[in-house]
Amino acid sequence: MLRGFAAKHGKTFLAAGSAVGGFGLGSLSLSENKESKCENDGPATVMGLLKDIASKVNNLEVAIGSGSAGRRSSGGPQNFDNSSGKAHGIDVVLGSQWGDEGKGKLVDKLSQEYDVCARVAGGSNAGHTIVVGDTKYKFHLLPSGILNEKATCVIGNGVVIHLPSFLNELDSLSSSGINSSGRIKISDRAHLVFDFHQEVDGHIETRLGRNKIGTTRKGIGPSYASKIQRNGLRVGDLQRWEYFESRFRALAEHHINAFPGLEIDVEAQLRFYKDIAPRVRGMTVDTIQYTNDAFSDGKKILIEGANAAMLDIDFGTYPFVTSSNPTIGSVLTGLGVSPTKIRGIYGTTKAYCTRVGEGPFPTELEVHQGTIGHHLSSVGAEYGTTTGRSRRVGWLDIPQMKFSTLINGFTSINLTKLDVFTGLPELKIGKAYKHNGKYLKTMPACLKTMAEIEVEYEVMPGWSEDISNVKTFDELPVNAQRYVLRVQELLGVPIRWIGVGPNRLDMIDRGEGWDLSTCKSADDNDLTYSSY
């Protein structure tokens, strides 16, 4: 009905501009004078328009006896947040490159307005750093939203959890004055990472030698392997001790037989888990039921992605990837919600590019003293939160980003670390891939092809002004604005957030008009793309 109502009244949402080739994406034609905001000739804002439409449709339904007034909706994007007029749904923050893009900072900012913040995949191989004043918080398993003392944090069923590390993280948080009591919900279906999983991870990496994957050695891969082999243990198993004990002994024996020389103190491990079982039991719930009930009750839910698209086991630069799916599908499988409940999908992207570990990196720069790569590495403090390893650095890679956007369907971009470019006379953007003299239209699956790629660059002027105290887009130096707008045009997705410094408040928010999810009516078919 809403689609017909919108069509009848001629409402058109402007979300896209002239076509940019490659990767099957539409695009936005964005300039300094023509901004890709949603156009309307009624209420003053897009949210006001959506609220107005929803209200009128509801009145019509009530008039014909099928209204939903006073009835709690069953879920999906047709529901509206009564406080803002924004369609009710789950918002997701994802990494769009090779990780370490600054997802935690955006989650920390957004989570102040959310009731539930969740992790859905990966494990303690993820690392998010939040700087609050002079205090630096490092999270590995906990969602960054834990800093909002009104938010409940969920560890979904898709996460693999090393309980010793998790409890240490909780205790460290408590010693910093953050009270998490009653605000942590761990899925009873989440699989456990044991110490011997971590030992096996390190053993495999060492055995691979120069062909190593470059894992964090946190036991993530071996734990997911146990899950797939169907001999793993889950958090909920701790509630039935005899069952847990028998399965633990069997799993330990399996690993001892599979990896000669591996030693496991089974009795000591069992004593430890029996000791912590009551504490863990107090946080263990059916998070599938909890999350869906929270959604039905109108709670605002935010998902904090871990790792990033190019580390995805299916879509990344395999085999130099993680063991899970850090892309949008993990929200559904790792939390147990339906796709109709997803609303905003926010891709976090550095203004340049980094990766930790081995594997192809088309726009990589040398990091020797005096090079541009050294500038990006040192000014950007490019060291892994989890491992402390130096990150490899390179220019922004548009073909890679288009691939990530195609998979995830980003509704807006969070562009981080723009300030790191300050002082560079010129900047480059990796605009296209060529192989054997021909332009590629997609991301190669073969690593040999990836190694032979030639990157075509676009050069743009840099700036020397300090932007760390800038609060609005218009305050940015002209060349910084041009860089943001060019990236926005090439990707075909609006850039809403721009990082201008390391602290939690060092971020420009251009507003909800720069989020395609707020331009959508209750039915995606109502979204009409028009050119300027």
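The first residue you see is number 1, and the count goes up from there.
For all residues, glycine too, the Cβ spot is worked out from N, Cα and C.
According to TrEMBL, the features are:
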ACT_SITE  Asp100  active site, proton acceptor
ACT_SITE  His128  active site, proton donor
ACT_SITE  Lys227  active site
BINDING   99-105, 127-129, Arg391, 417-419, 499-501  GTP binding site
BINDING   Asp100, Glu101, Gly102, Lys103, Asn125, Ala126, Gly127, His128, Thr216, Arg230, Asn307, Thr322, Arg389  IMP binding site
BINDING   Asp100, Gly127  Mg(2+) binding site
BINDING   Thr385, Thr386, Thr387, Gly388, Arg389, Ser390, Arg391  substrate binding site
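In this structure the C-alpha atoms belonging to Arg391 (substrate binding site) and Lys105 (GTP binding site) are separated by 19 Å.
Among the recorded positions Lys227, Asn307, Arg389, Ser390, the residue whose Cα lies closest in space to that of Gly102 (GTP binding site) is Asn307.
Residue with the densest Cβ environment among the recorded positions Lys105, Lys227, Arg389, Arg391: Lys105, by other Cβ atoms within 10 Å. Separation of the C-alpha atoms of Lys105 (GTP binding site) and Asn307 (IMP binding site): 14 Å, rounded to the nearest whole number.
Checking each of the binding-site residues Gly99, Asn307, Ser390 against the residue listed as 'active site' by C-alpha distance, the shortest gap belongs to Asn307. Shown in sequence order, Ala351, Ile467, Leu476, Ala480, Tyr483, Val484, Ile498, Gly499, Val500 are the residues of the chain, 6+ apart in sequence, with a C-beta less than 8 angstroms from the C-beta of Leu418 (GTP binding site). With respect to Cβ neighbours within 10 Å, the binding-site residues Gly99, Gly102 differ, and Gly102 shows the lowest count. Of all Cβ atoms in the shown protein chains, 30 besides its own fall within 10 Å of the Cβ of Asn307 (IMP binding site). Cα to Cα, the residue listed as 'active site, proton acceptor' and Arg389 (IMP binding site) are separated by 12 Å.
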